[in-house]
Every structure is written in structure tokens, then in C-alpha cells.
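Copied over from Swiss-Prot, here are the features:
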- 32, 66, 96, 121, 122, 150: S-adenosyl-L-methionine binding site (BINDING)
- 41-253: domain 'Bin3-type SAM' (DOMAIN)
């Protein structure tokens, strides 16, 4: 799919791209936020150079942001007053394939100067290049400090297959220095396929042909860490939905 505007308006129970219209009513942001240490920024990111009179902002990319509830919760969590890094300005670019969800996210955005929303298909490299590059260029940067990929990998995998998942993770790794991933376990794949069948919808093109299956947290870790591309540095436990939060540091190798 090359155009995010072509996302069909489907029964809320189907949502073949994970674009559930009321997603946060049954999976509230607190399910993830409660697992993340309040000092995440302070521990991960470099401090501004003492000789630099300006504070280097922290840039975050949230892929598959839905209506933005989790994006806002992450922003609040990373800038909360008791954090030692709360004086570091934080700017988020948040994207989703569904234009209706992005419209709702923009309408309810409490921090329009710090959180930006864009409708885009993350698998369309030409579509991504514009808004992503434009955002980074505002800060004279080539990568984000951190990217968030929260309950997105399954939808990429089901719609684009094994190679699509590998390509997606590689693309994200190229865009950031740290990557926080919340993979859906394999049982969620079966549930997603079953929902489509119950609604009389066509099954996911790749569901039955996937060879990457089983322990998806382990599979995604293997994909990201292959050939030293990234290092798994922390596992923040499991959410109430039995989903792991995996933090990777992307390894930049000199040419």
C-alpha cells in the first residue's frame, strides 16, 4: 500500500492495520508507562556539553500512534517535573497510517509545540522521507534519539510478511539511536486472524505462510541484533497483556 489515504474504513473489530478507533479504551497507556523508569532520559541520553549554551533537544519518533494517547503519556513521562532530565526539551513526531486517527490526535493534542502528528505509511519509503526528514532538519539532526514501536510489529508482519518485518525493523533502526519495541506475542496473531474470519473478511495475505513465528520477542531481538546492528540493553517486564517492552541501543559502525 503506497498511500496512507487509501486505508479502508472497516468494522472496528477488524482493523487490519491495527487502526482500532477506540484502542486506548481497552489498552490504556498506563499499561506501558507503569513499566518504564521515570529516569529513562537521564540514564540513556547524553548530557548537554557544558560549553554549549543551548540544551540539545531529545527527539522521539512514535510509529503507529493511533489517536496519540500513548504518545502524550510518553511525552509527559519523559518530561515530568521530578525527572532529573525534565529540563531537556523533548519533541515527538508521531505517525499512523489512518488519517482519521491522526485527525483526532491533532484535535486533542495538548502540546502542539512539542508533539507533531503525521499521516503516513511507514512501509512506503518515499512517503516517509518527506515528513521524517522535514522534522529532523528542524533540529539539524539525521536521527531520532529514540523511536517507539508499541504493538505495531504484528500488523507489519501480517500485512507484509517475514521480509516486510525484517525491512521495517531495519528501517526503524536506521532512524534512531535507541528503539523501544513492544512486540505482540504469537497468540495475538491467531486472534487477529480469527477476528477477520468471524467478520467475513479476507484473511491476512501472509498469515499462513509466515516462517517467523513462536516467541516473537525473541525473534525480533534476533532480527535487530543480527550482525551487531543493535544491542538489547533492557527488558522492562511484561504488560498486563503479556507483552514485553524491549529497549535496544542501535550500534553505529564507522564506514
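Keep in mind that glycine also has a Cβ here, set from the backbone N, Cα and C atoms.
Since this is a predicted model, take the numbers as computed values, not measurements.
Features as recorded by Swiss-Prot, highlighted on the structure.
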{"residue": "32", "record": "S-adenosyl-L-methionine binding site", "contacts (Cβ under 8 Å, 6+ apart)": "70, 73, 150, 182, 239, 245"}
{"residue": "66", "record": "S-adenosyl-L-methionine binding site", "contacts (Cβ under 8 Å, 6+ apart)": "18, 19, 20, 23, 24, 96, 98, 101, 105"}
{"residue": "122", "record": "S-adenosyl-L-methionine binding site", "contacts (Cβ under 8 Å, 6+ apart)": "63, 64, 95, 97, 128, 156, 168, 171"}
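The sparsest Cβ neighbourhood within 10 Å, among the listed binding-site residues (96, 121, 150), is found at 121.
In the three-state DSSP scheme, residue 121 (S-adenosyl-L-methionine binding site) is classed as coil. Mean pLDDT for the domain 'Bin3-type SAM' (41-253) in this predicted model: 91.
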